[in-house]
Amino acid sequence: MSASTTSLEEYQKTFLELGLECKALRFGSFKLNSGRQSPYFFNLSLFNSGKLLANLATAYATAIIQSELKFDVIFGPAYKGIPLAAIVCVKLAEIGGTKFQGIQYAFNRKKVKDHGEGGIIVGASLEDKRVLIIDDVMTAGTAINEAFEIISIAQGRVVGCIVALDRQEVIHESDPERTSATQSVSKRYNVPVLSIVSLTQVVQFMGNRLSPEQKSAIENYRKAYGI
């Protein structure tokens, strides 16, 4: 399940605090790929130092461990998912105990390689493996849908997905059921979609650090696009 409740654990607070420090999490006015004008922006690529990556890996790994999801391979869709799969695989082995020591990781090439080891999958074989997809955020679910297809062709079985932030917003504002990307993926493939934090938790964490104008902008955005 997604991190949709309002309670915050220490690893989530640390993740968000560091996100503010490195400006991965910002508030203002930002145009998204979807064309929406968002009052906040989340750019996980700004977790780009050793300290930040170590803490990011801890946040992902802790969320995974707490989910009790059983899997064999972490799959990172190219490109942003590649370093995430690697660092979280290491962190799981470090803090997760013996049952995570054998977890492997893999990722896809953007183009099929026709020489050397060939193929599109790099790293662990996905054949007959239970696969957890890892990515940064899920807005429309396009990258995740592509990952499902790649894994299926490689004869793996997706058992779940995890992202850093669940934006908790609809894919299409005209949708009468107000279905979010995470809900759509979960329903379509019958797998859990985990997250380190949800937008609800971000707002709770920020509290009075948000100005009245920022709070109002987020509230209006959620009325228009929230689930």
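Each Cβ is built from the backbone N, Cα and C atoms, and glycine gets one as well.
Thr139 (orotate binding site) carries neither a helix nor a strand DSSP state and counts as coil. What Swiss-Prot records for Phe41, Phe42, Thr139, Arg167 is orotate binding site, and it gives similarity to another entry as the kind of evidence.
Residues annotated as 5-phospho-alpha-D-ribose 1-diphosphate binding site in Swiss-Prot, with similarity to another entry given as evidence: 79-80, 109-110, Lys113, His115, 135-143. Counting Cβ atoms from all protein chains shown, Asp135 (5-phospho-alpha-D-ribose 1-diphosphate binding site) has 21 others lying within 10 Å of its own Cβ.
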Cα of Val137 (5-phospho-alpha-D-ribose 1-diphosphate binding site) to Cα of Phe41 (orotate binding site), in Å and rounded, measures 11
Here the binding-site residues are Arg109, Asp135, Gly141, Ala143, and the Cα closest to that of Phe42 (orotate binding site) is found at Asp135
Least Cβ-packed of the binding-site residues Phe41, Phe42, Tyr79 (other Cβ atoms within 10 Å) is Tyr79
Neighbour count check, CB within 10 A, over binding-site residues Arg109, Arg167; minimum at Arg109
